[in-house]
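Summarising the annotation, TrEMBL assigns ATP binding site to G93, W94, T95, G96, T97, G98, K99, S100. Annotation source TrEMBL lists domain 'AAA+ ATPase' at 85-224. If you look up TrEMBL, you'll see 1-26 marked as signal peptide.
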Amino acid sequence: MAAATRSCRPWGSLLGLIWLVSAAAASWDLTSLRCNFGSFCECDFRPDLQGLECDLAQHLAGQHLARALVVKALKAFLRDPAPTKPLVLSLHGWTGTGKSYVSSLLAHYLFRDGLRSPHVHHFSPVIHFPHPSHMERYKKDLKSWVQGNLTVCSRSLFLFDEMDKLAPGLIEVLRPFLGSSWVVYGTNYRKAIFIFISNTGGEQINQVVLEAWRSRREREEIGLQELGPVISQAVLDNPHHGFWRSGIMEEHLLDVLVPFLPLQRHHVRHCVLNELAQLGLEPRDEVVQAVLDSTTFFPEDEQLFSSNGCKTVASRIAFFL
């Protein structure tokens, strides 16, 4: 396992720390200005789909469906030299299942400068929109930020984290940017990518996976056709979700709903082995077992799914080394 994980570009749990540090790291530099004047320039957009697929296959535990949907959508989008609308993905699932990890990998493998790219923009409700009373100013600022950065570089990536903690009403200003018009506010925006992340729908996904397990169905048999409707309904019924009455779901502006399934014991084990490899350590059975024994699983009777997914694996390993 340790040797296998090194065949892709190294990318471990430190991603989360880098991700937070780079939350607002967009800036106007000479490269951006040159892109603004070059009709064929795509800034530092340098997609490496082979590297992305390799990393997802080896390091994203238990998410066959999410991996397939993201790669398929991305390949189709990048094959089109003149897309009619931006790519819009909405990632849903329980905590610690890999949503933020996948978003970070996308930035890393799509842009030459990865998370440091001035064309990767990450928004967090707690950091960027903390006061609901300032909503009108936030709307104006967000619209201006997206419009301005798409003017600088049409190949931009916008990530919105914790959509279930975002005050409703803000995201509606993005509606004109997400559809299939040619020009919005004088800005060409059709090559942009928007990613929305939330835990909403996680409980519904868990229930579908639990029922499949009880029916002795293979996990890999679970498809979007049975998860998509329950996720959509969970979002539409949640007045605290950023999509609430925004028109984004009602107008079918999302290209793909991406479900992240709850992680079982063997998936957590996979995460532990990956983390040990990233630390340059050989697999140690006593450390792996200690981490698994300290992990809480649910439901109470079956003890099937990890309560925190793989989110706390790195800190637990450090404790048991």
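A Cβ is built for glycine as well, from the same backbone N, Cα and C atoms used for every other residue.
TrEMBL annotations: computationally assigned, not manually curated.
Mean pLDDT, taken over the domain 'AAA+ ATPase' (85-224), works out to 94 on the 0 to 100 scale. With respect to Cβ neighbours within 10 Å, the binding-site residues T95, T97, S100 differ, and T95 shows the lowest count.
Residues G93, W94, T95, G96, T97, G98, K99, S100 make up the record's ATP site, and a Cβ search at 8 Å around their centroid adds Y101, N199, G202, F260, G309, K311 from the same chain.
Sequence-distant contacts (6 or more apart, same chain, Cβ under 8 Å) of G93 (ATP binding site) comprise A66, K99, N199, G201, G202, I205, P259, F260, L261, P262. Sequence-distant neighbours of W94 (ATP binding site) (same chain, 6+ residues apart, CB-CB distance under 8 A): N199, G202, E203, I205, N206, F260, P262, L263, F305, G309. Neighbour counts of Cβ atoms within 10 Å were compared across the binding-site residues G96, G98, K99; the minimum falls on G96.
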